[in-house]
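**Student:** Please find one structure pasted underneath; my questions will follow.
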């Protein structure tokens, strides 16, 4: 089932103001949940140990000045006005930046790339100006293979830090919200109540994930909106009641006074201040669910002012109440009569913020999985209507256990804040580096512009990152350890996947071998459809030759299926299938390349099988009718399908769409891509776009009229064979691989392949489970890969 990914390939149109405002409202619950709850723990984490609130108020005003300018420069200027423009067909996030770079420069390590992929309507390339510096930057990246690997590791590091944030944010958010109970009970009771209540809420939060956020999502935006109104109203009250001149602390001069007095301790306290921008990355990561204008409006006119008022209100209260210097908390600035309602709203807001980051973690792991950078896990789509709503059971329960372990192990805001802060700044640094490359390679701006962006925002983030790094022994070790562990797993999996593909590529069987198979060699054809899954886009995979060698028979209809990922967020369903013949028409052998983007929803087996048969029938109709159409036009240089060369024929994009962009690209082994849309003329020229009225969907019927010429008779016979094979059943032929390093390999390679990859392969989902193949229809072929 192909879920509608929204606007990614629809005709672009400007949203109305009403639609934009509605999207801005909805984005509150999804995008800003994490960012909006940061006032709960920023001041408490900042004043936990390194600095102390004194009578001079230089510390509290200096911290407020840092918070104001950090919120202004990073979320507002960097993300809202710059990074959000670096979208990939409306999608954001680390993989969106990497995808854009890979399309504009040949730096991708993904296997089985085809020139034909560039004909996708979502494969947008900006026209490159003739500028020497642009060519030099691209040539530098494309020339050195180690830069390709370094770029991938940088992306994987950012991905791992997002996963780490998904582990730490629920813990610190819920814990800080529940900590408000300390003002309503004794210290002895408080210590025994906060941890169990926090763990209970976390267990409930993760246990409800399999229902999907769409079932309770309509509650999210009102909760966050109520919370933002609450903190802004309380902030305004505290400013007016306690210190109306607190606005003077917004001057950068107070940052200098802060450092002049606190010196090294003030620098170390930046690890707590940076928590005010946790959740900023969500604005870019969740861009695909909303629009640039909606996210910009929501942050600029609601979230940003509310946060500034909230922080100013806390600073105003603390500047006049030094008796609470040893117990700085958000709740001490809340009037006593309002503490319980604020506590309830804060807990609900923390759950919403945690839900957003957990969903984001599922999403980025799914993207890593699509690009071959993560071991196979089960992905459950929780909504048939809302694209991207997924649930990964294994990751969910691992996150829950680790989240509870962090809560019980750290037991305080300080350690959790140190760990969360380092993960947040690492993700932002990765985004800054990748955006700098996008500015040069994709936007074709002068390198000095990218360098200024990198130095300006990179220096701010490095300052905060260094302050977090010195807290290594006080909690910051956790995201570093987690990132190293996950990067190792992801890189080993990706490395072994690439090596397996290279082995398949070097050991594929020639087409002549397949054509030579026949009754004279004792080979028989059995009824049914055989789907041979392979990573190859051309040639006969070695696992099929091994299958025929051990079992001298194969199906009457044979389809070599390659399910591949392309560096785009979505592939329109009408452009998903590339179909062609393998050998002459009498062999009844086809090649099907199924292309998915990194945010696409993969089809289930039943719908895929039905859809594939229909597409093959459409292709057969096209392939036999094309010579007749050409002869009507006077083109006599095309021969009929049965008389063509016995090599691999050109691939055709088979699908129904209102417009076609169908260049004739050369593919491996002289295969070419054309487009098929029945009832319309095929576009043969490169880059042509034909505007057409909405076509009537044409389904191939297997019972056709009596043939008027031999070509119709042969087409009817082939369609009847396909129908009979479908009724006989479908078999899925997959390789069951064991990978080992070849003799003479280095110790690191042997450890990675023989132990690391094979351990992951044995303990993670197999390809049959990932493809949801019924066990009764599965044929596995054992293969040993020596790489």
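Just so you know, glycine gets a Cβ as well, placed from its N, Cα and C.
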**Student:** In TrEMBL, one of 63-84, 85-106 is tagged transmembrane segment. Which stretch would that be?
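**Tutor:** Residues 63-84 are the ones TrEMBL records as transmembrane segment.
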**Student:** Does the structure show the transmembrane segment (63-84) and the transmembrane segment (297-318) touching, where I'm treating 3 or more Cβ pairs under 8 angstroms (sequence separation 6 or more) as a contact?
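**Tutor:** With 3 or more qualifying Cβ pairs, these stretches touch.
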**Student:** Please give the sequence-distant neighbours of the transmembrane segment (218-240): residues at least 6 beyond its ends with Cβ less than 8 Å from one of its Cβ atoms.
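**Tutor:** Cβ under 8 Å, 6 or more out: 25-30, 32-33, 36-37, 39, 246-247, 302-303, 305-307, 309-314, 316-317, 333-335, 338, 342, 345-346, 348-349, 352, 355-356.
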**Student:** Using Cβ atoms and a strict cutoff of less than 8 Å, what residues sit near the transmembrane segment (146-172) while being 6 or more residues removed from its termini?
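**Tutor:** For the transmembrane segment (146-172), the sequence-distant neighbours (Cβ-Cβ under 8 Å, at least 6 residues beyond its ends) are 34, 41, 94-95, 98, 101, 107-109, 140, 198, 202, 205, 278-279, 281, 285, 353-354, 357-358, 360-361, 364-365, 368, 373, 399, 402-403, 406-407, 410, 413, 416-417, 419-420, 423-424, 426-427, 430-431, 433-434, 478-479, 482-483, 486-487, 490-491, 494.
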**Student:** Grab the same-chain neighbours of the transmembrane segment (476-498) for me: Cβ-Cβ under 8 Å, and only residues 6 or more beyond its ends, written as numbers and ranges.
**Tutor:** 109, 111, 152-153, 156-157, 159-161, 163-165, 167-168, 271, 368, 372-375, 406, 418-423, 426, 468-470, 739, 752-753, 756-757, 760, 787
**Student:** Using Cβ atoms only, state whether the transmembrane segment (21-43) and the transmembrane segment (297-318) have three or more pairs under 8 Å that are 6 or more apart in sequence.
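**Tutor:** Result for the transmembrane segment (21-43) with the transmembrane segment (297-318) is yes.
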**Student:** With contact taken as 3 or more Cβ pairs under 8 angstroms (pairs 6 or more apart in sequence), are the transmembrane segment (338-369) and the transmembrane segment (422-443) in contact?
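**Tutor:** Contact criterion not met.
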**Student:** Looking only at the domain 'K+ potassium transporter C-terminal' (667-785), what is the model's average confidence as pLDDT?
**Tutor:** 69
